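A short worksheet on the structure shown next.
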Amino acid sequence: MTTTLFLGAIVILASIMIQKIASRLKVPMLLGFIGLGMIFGSEGLFSIPFDDFAFAEQICTVGLVVIMFYGGFGTSWKRAKKVAFPSALLASIGVVSTALLTALFCHYALHILWIESLLIGALLSSTDAASVFNILRSQNLALKNHTDSLLEIESGSNDPFAYMLVLICLTLSKQPFEIGSILLLLIQQIGVGFIVGVAIYIIARTFIKLWHFDIAGFNAVYVLAVGFLSYSIAMLLEGNGFLACYITGLMLGNSNLRAKKELVHFFDGLTTLMQMLIFFLLGLLSFPSQLWINLPLAGFVFLFLTLLARPISVFTILSCFKNYSFAQKTLISFAGLRGVASIVFAIMATLHETVFHYDLYHIVFGVVLFSIAIQGTLLPYVAKLLKMSDPEHTILQTFSDYSEQTDLRFIQVRLHKDSHWINRTLESFALPQNLIIALVIRNGRSFIPNKDTLLVKNDILILAGEAYEPSESSLEEETIGKRDPRLNKRLEELYGQIPSILCIKRKDDFFIPTKDTLLLENDTFVYYKAKK
């Protein structure tokens, strides 16, 4: 036990050092985690014997559930809903078309049997959100035209569809093709997964509203348990557990949760640890001699997948939408990195009762290595070459990240024509000592103001101030619906029926209400609620 803990600590510390080195060299750190596992593996420097695929599958599945749940939890629906439909098509039809094209290539060009060709296509059909956004985040690279949001939704939601294709292929390896049973399997996987995901969210959200956790950290433990519960119930009902946990995470992450900042920090650390563990285990499980034998085959599959299968699927689907340029479609095609899900599914196939002629694990492992090494390294440069990087958004995103790591908060205020701040210099304001105007955005260009800066109409001010974290009380919000009895009533009329309101959000504007303010449909009001 002590030796295991010692080795575990050494591996984690080594992984942290690898992250630092990879960041400086501007190469994907996930390669380092895999390499570290291979060094410790059976044919590596430390020669630790490990070939327990069943144990590795269990550990990697747990890690994949955490990564997928947080993939949904961390997705901003406000930004992502603009690209939700094309993302959904890429995550479903795109996965199927990529798998079929890859299967055709494997069968006719590489002369692999049909069932194994279909299985290789299914295993490699999904893209890896962790790999893509690990690279974008480490390079502080934002993408234009909501491309990063599209990749986030597609990568986070296409693993369940790939999982279904793998199940279908494994089923076909045991019994003849029957369209009825295949359709039933698809309906059951999607239907049960979706219903369970939504149901667990509703139950979990109701519980959060009714109860307050008095001990710090219980929020994070509770949300993590909800993710595991969603996956396990869907799997017990023979549905798609990955789809269920993703949907639960997506809905929870976009609801009004207390201490969301702490939850983000918790899951950031946990998903990083899961990535370290999974890629280390996958490297530990591999045999370099077997990888070397299968590397040429993996190289051909990778080239076809990257240069033909993925681009054909992306260009065909996105051509149905007018607002996608050639450069954007090219970048989306290139950003289809393969990662942890493909290898975890390959372990499932290896453990299946069907005996396959080819070493599926090392073929998929080789493709993933090529993808992370080549696509992962070149992705930032391709984005800049295609002029798809967004420096302005990067600046604002940096502000957002900084506000999550410190006690500062940033808000933006637009100066309308009736604002008292127009045609005044910053020196003329009597702002509190702990509130500053950190940035001014004028006509799309941002600059740091000084005391002599004259403010004009339509300026956007980025204000920075000290964060406030409620202790014995908390901020809550409610939205006025069509049948709400408070609809179209003045606040004065609702005295005693409604808590003291701090502010109201109406469309995209926030304002502080008065007693004469009328509550309209879709108004969201924020109020202060003491703990019971």
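Cβ coordinates are placed from backbone N, Cα and C, and glycine is handled just like the others.
Annotations in TrEMBL come from automatic prediction, not curation.
TrEMBL lists transmembrane segment for one of the ranges 111-136, 293-318, namely 111-136. Residues 7, 11, 14-15, 18-19, 21-23, 130-131, 134, 138, 275-276, 279-289, 339, 369, 372-373, 376 of the same chain lie 6+ residues outside the transmembrane segment (29-48) yet bring a C-beta within less than 8 angstroms of a C-beta in it. Long-range contacts of the transmembrane segment (111-136) within its own chain (CB-CB distance under 8 A, at least 6 residues past either end) are made by residues 28-30, 67, 71, 95-96, 98-104, 142-143, 148, 151-152, 154-156, 158-159, 161-162, 165-166, 168-170, 172-173, 271, 275, 301, 305, 335-342, 345-346, 349, 356-358, 360, 363-364, 367, 371-372, 376, 379-380.
Same-chain neighbours of the transmembrane segment (6-22): 28-29, 31-33, 35-36, 40, 138, 273, 276, 280, counting only residues six or more beyond its ends whose CB sits under 8 Å from a CB of the stretch. The transmembrane segment (54-71) shares more Cβ pairs under 8 Å with 264-285 than with any other stretch in the list 179-203, 264-285, 330-351, 363-383.
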